[in-house]
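Taken from Swiss-Prot, the feature signal peptide applies to 1-16, supported by sequence analysis. The topological domain 'Lumenal' feature in Swiss-Prot is assigned to 17-303. The disulfide bond annotation in Swiss-Prot covers CYS118-CYS149. The N-linked glycosylation site feature in Swiss-Prot is assigned to ASN133, ASN192, ASN225, ASN243, ASN246, ASN287; the stated evidence is sequence analysis. Residues or ranges marked as transmembrane segment in Swiss-Prot (evidence: sequence analysis): 304-324, 360-380. The annotation topological domain 'Cytoplasmic' is assigned in Swiss-Prot to 325-359 on the grounds of sequence analysis.
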Amino acid sequence: MQTLLFYFFFINLIFAHDLNVKTYKPCTIPSVFSEQFTSEDITTWRSRWRAPVNKDLGVWDLVEAPGSHLRDEYGLITLKSNKPHILISNLENPTTRQSSSVPIVLSFQVKPTKPWTCGHAYVSLVHQSNPKNVSKEPPSVIRFGVKKCGMFDYISLSIISYDGKVSCHLYDAPPSGLVEGRTSMYTLLLQNTTVVIRRDQSVVYTGDVGTNFFHSPTKWITHSNVSNGYYTSRNIMSFLLSNNTNTSSYPFSVNGVELDVWNENAGVFINNIYFGFSLSDAMKFENETFIAKKILENSPCPNQPSIQPFGILMMLVSTIYGNFKNLYNCIKRNTIGYIYNSIYDFWITEGMLFPMRNMDIFKITAISIGLSIPVFLWLLK
């Protein structure tokens, strides 16, 4: 058994070393939209991606993948802290799904290059009435990504009507699994009423649009297929994901892709964005853009210099500093962080979206604070 493990370990090292000397090349897998950056895009990417001009936004830049072992792999990185970073890329032609049985697949890769304290990273499909209008942010139809802030840590999925008045959120979402310095890949599959979420090529969530979403409005509207005009959760999802314009008020038609990142720290790196209508093509895209990167990021780099005595001392100092930093962040998160982050989640990002799996943590925190106050007041006497 030990011999077998030893063999596989060194096979990974050899494979990693082989990949290390190769150059990243964008794959040519069919898609509705695919963005894979290289050094050739340094001067041209701004012609494909634009930012709304009526907002105080952060700045993006196209840089070589930080810590990457593949030469010439590039991506977009955020440069400002505590600023929303928004970019929109128009599709060459507006696209509409042919039937509800055709899967909608949306995928992207994200890598926090600095500690992720609080923030989100979304990739959205948008519907713009005037794609050339850069004065405002277009409404999202499907918003997919990650959100990690204090006790909140999950993969976020929202489906929104074209007018923005109907919005449904996944309430039992899985954890994000984000790790500083590591690339995470997230893939969304919507087919009929089934929702599947993949993280790093593994299925982490399977649900149904009629039972696993909430925050639907209870408003009366006129609709030809609903006799009483009442929007149930399943009806909303059917309307939003359908393309039959004769029977649905909300056909699935999009003409743009949006990046939306906000974080307390800069340095959120995003690349390898994919949108299409084929699950098999999406899996090929995952294989060609992520497998090599995953192996390399999880393998020791064979080109690292040997550690000298002075290097050992610096490593020890760095370890001690890191421990104190982690202690400080832990105290901060469990005191002021809870209060601030809760306000952030309730009012800044998604209104009243509150994942059900975090409710117990919220209750325990509230009870702990409630019990601590009388003790604190007693000690002051």
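The backbone N, Cα and C atoms fix where each Cβ goes, and this holds for glycine too.
Keep in mind the model is a prediction, meaning the values are calculated, not measured.
Each of the disulfide-bonded residues CYS118, CYS149 was scored by the number of other CB atoms within 10 Å of its CB, and the largest score is that of CYS149. For the pair CYS149 (disulfide bond) and ASN287 (N-linked glycosylation site), the C-alpha distance works out to 30 angstrom.
Every protein chain considered, the tally of other Cβ atoms within 10 Å of the Cβ of ASN287 (N-linked glycosylation site) stands at 13. The local packing around ASN192 (N-linked glycosylation site), expressed as other Cβ atoms within 10 Å of its Cβ over all shown chains, amounts to 14. A separation of roughly 25 Å, to the nearest angstrom, links the Cα atoms of ASN192 (N-linked glycosylation site) and ASN287 (N-linked glycosylation site).
Cα separation, ASN287 (N-linked glycosylation site) to CYS118 (disulfide bond), rounded: 30 Å. Confidence across the topological domain 'Cytoplasmic' (325-359), taken as the mean pLDDT and rounded to a whole number, stands at 50.
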